[in-house]
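K.L.:
First the structure, then my questions, so here it is.
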């Protein structure tokens, strides 16, 4: 079989040939221009040369226009090299073209396209072609991104993102209609691309090609059905869809849960005739807009409304099975037959009424629910930047574990999303894209019908042998439009991901923009801002923003005393002062600011290492001088003689970075503090806390570890170390690496000299002050049961925060997770 490498090589060769042709054209143009000038000057009796006899005026009047043309061609060539890079984040998109229906010659073969197979997103899949009353596929031989561009645009998407050979989306059926396609990317239909001829192919279905199209649709795109109306299995291709609230009681509610189903076709919004409409269609529409299910509505009210206002109907009906993730995956039904008065057979437009998840119950604008709450205890999402996305974890035998991404599909991802109170899945992510878990892998090769109430009801292989956390499955779900982004903005930053935080509030009966008081402003508050704006995770929280001049009219403080837990969907959900503001420094240059990032690190401790390395040591005070200076001993040690000893509970801690970006200390190198006794730099004031609790939750001993050396001790296979402390090197932990604090390092202990023998709870917290933003703080805590008999000490039942069921976790006193450490 022709592999993807040879395809890529051929593609590069063609590009190189094309570039060479353009360069030859440029060189020829320049030569012709020069020859023309030579002939002209000769006829006028002027010698053209490089010496001083060549008249300056002649050069200016005759040679420069030619030179300008040459430079313009050169500029075109230069820009062409960078065209594939697109625009940087935040740069205004170029004005989008309006769609015009293609004018095809009468002899052009009439085809229709659709995306099918094992999808991870609704806008990707195996390319299937309907021709001669039969669906077939396209072979990957000679297929390029230009052919993918033709496919995507024919389907109404703005552009192609990528393409995949070798039946990535599964093997299709029927004829292989196209082979050895040679598209330029400008063709109006795939049928116009040169090929072996329709139906002429030497390929097998193991070579079926797939494409990924952009999310954006072509403005004004109009579906043109060139095939007979009895064909009911075409994918729906519309520019956009919406639920438009009709009744006044629903117009003021957020989110919109009930109204007409409207599709945008040819730039106009149209209703759908309810003749062939089913509850399965309603289920798909509700899922698209972030709702897990549909419900009945009062049809009489809508009948009255339809009589008063004449609807504009779309030309087709819709035929969904109910498990599609998006309307575009449904099939096109029969053409709508309208009566002479413009109404359809039943005379009514389609109405849907959706059931929102508990976190999104529709309420007036003033009374949002305070925070996001999960609906189920068996499934959860971790490591995502916004509500409705994350790594999928399931609870089994009291322990949380992950799902292996083998066979992970949009169908299975949608079951997870609906189970959690969201809509259908936008994307089924594989390869640990939203961070890696630490516990067991509970499920593998999950296959769902789409109608299961829980992912645990789907078929799956219990044997996860060979599955590592590098294959953890994740989802991005459709969530209801709550309007959060419209009430918050970042102003004055160098790009859309940073700036002064400005909030829209009601003041004296009108809406005004203002700033947020920066007193107490920190990482958790910044996290909520970035989530609310859909900009990912916080990378920094700023208490001064004089370097970001925002809108002068918004300098006044409109929100103060903000305290967030970090899980809120909107800044308005966080605790704050309300109408009685208090901000001594005022807004303007002292207002709160943030910078956001699409990725974040995620530090997790290895519980087994703590269990295996725990021991007890009696150490003389004269050998603990440096540790004493760093406050690593119990306060009672200041009153004991130098020849006494301290009893130390020692252990190693192995800290993994399972996130999506490197963990770097907040302080830059120039502000690290040199410690002369230990001969090292402190890059963080406190990196870890060690505590010992009695079984009733009383703290009986404590320790801490300054981050004197954050570095990559070891890494997963294939990942190179990037951070090393020696010679004042960079400090940090690379994604996929871990930093091991050995048991024999100073301060890697708890002073238990004055502790009585007995049973205790041992606890470690990483990054306790949230100095560095992470994707998940719940797993920054580790707990163990600890037994001390006066002669020996050992740990057992060590686990990370959030890794066990709530019932089991409650048997361990102390903190449940790191997100309430200092709140």
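Glycine residues also receive a Cβ, built from the backbone N, Cα and C atoms like all the rest.
The domain 'SRCR' annotation in TrEMBL covers 113-214, 243-355, 379-478, 488-597. Summarising the annotation, TrEMBL assigns disulfide bond to 139-203, 152-213, 183-193, 320-330, 448-458, 564-574.
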K.L.:
Which range out of 113-214, 243-355, 488-597 gives the domain 'SRCR' (379-478) the most CB pairs under 8 Å?
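P.N.:
Stretch with maximum Cβ contacts: 243-355.
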K.L.:
Taking the Cα atoms as reference points, how far is residue 193 (disulfide bond) from residue 139 (disulfide bond) in Å?
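P.N.:
Per the Cα atoms, residue 193 (disulfide bond) and residue 139 (disulfide bond) stand 14 Å apart.
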K.L.:
Compare the C-alpha of residue 448 (disulfide bond) with the C-alpha of each of the disulfide-bonded residues 152, 183, 203, 320, and give the closest one.
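P.N.:
The smallest Cα gap between residue 448 (disulfide bond) and any of the disulfide-bonded residues is with 320.
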K.L.:
Considering Cα atoms only, can you say which of 139, 203, 213, 330, 564 is the nearest neighbour of residue 458 (disulfide bond) among these disulfide-bonded residues?
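P.N.:
Comparing Cα positions, the closest of these disulfide-bonded residues turns out to be 330.
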K.L.:
What whole-number Å value do you get for the CA-CA distance of residue 213 (disulfide bond) and residue 574 (disulfide bond)?
P.N.:
38
K.L.:
Within its own chain, what residues at least 6 apart in sequence put their Cβ under 8 Å from the Cβ of residue 183 (disulfide bond), listed in sequence order?
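P.N.:
Spatial neighbours, sequence-distant, of residue 183 (disulfide bond): 144, 146, 147, 149, 150, 190, 193, 194.
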K.L.:
Summarise the domain 'SRCR' (243-355) by DSSP state, stating how many residues are helix, strand and coil.
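P.N.:
When I sort the residues of the domain 'SRCR' (243-355) into the three classes, I find 27 helix, 35 strand, 51 coil.
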K.L.:
Reported as an integer number of Å, what is the Cα distance between residue 320 (disulfide bond) and residue 139 (disulfide bond)?
P.N.:
28
K.L.:
Work out, from DSSP, the number of helix, strand and coil residues along the domain 'SRCR' (379-478).
P.N.:
16 helix, 38 strand, 46 coil
K.L.:
State which of the following disulfide-bonded residues has the fewest other Cβ atoms within 10 Å around its Cβ: 203, 320, 458, 574.
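P.N.:
Counting other Cβ atoms within 10 Å of each of the disulfide-bonded residues 203, 320, 458, 574 gives the minimum at 458.
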K.L.:
Which of the listed disulfide-bonded residues (152, 448, 564) has the least company, meaning the fewest other Cβ atoms within 10 Å of its Cβ?
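P.N.:
Counting other Cβ atoms within 10 Å of each of the disulfide-bonded residues 152, 448, 564 gives the minimum at 448.
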K.L.:
Among the disulfide-bonded residues listed here (139, 152, 203), which has the Cα closest to the Cα of residue 564 (disulfide bond)?
P.N.:
152
K.L.:
Between residue 330 (disulfide bond) and residue 152 (disulfide bond), how many Å separate their Cα atoms?
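P.N.:
Distance between the two Cα atoms comes out at 17 Å.
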K.L.:
So, by DSSP, how many helix, strand and coil residues make up the domain 'SRCR' (488-597)?
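P.N.:
Its residues divide into 19 helix, 40 strand, 51 coil.
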K.L.:
Non-local Cβ contacts of residue 139 (disulfide bond) (under 8 Å, 6 or more apart, same chain)?
P.N.:
176, 178, 179, 180, 201, 203, 207, 208, 209
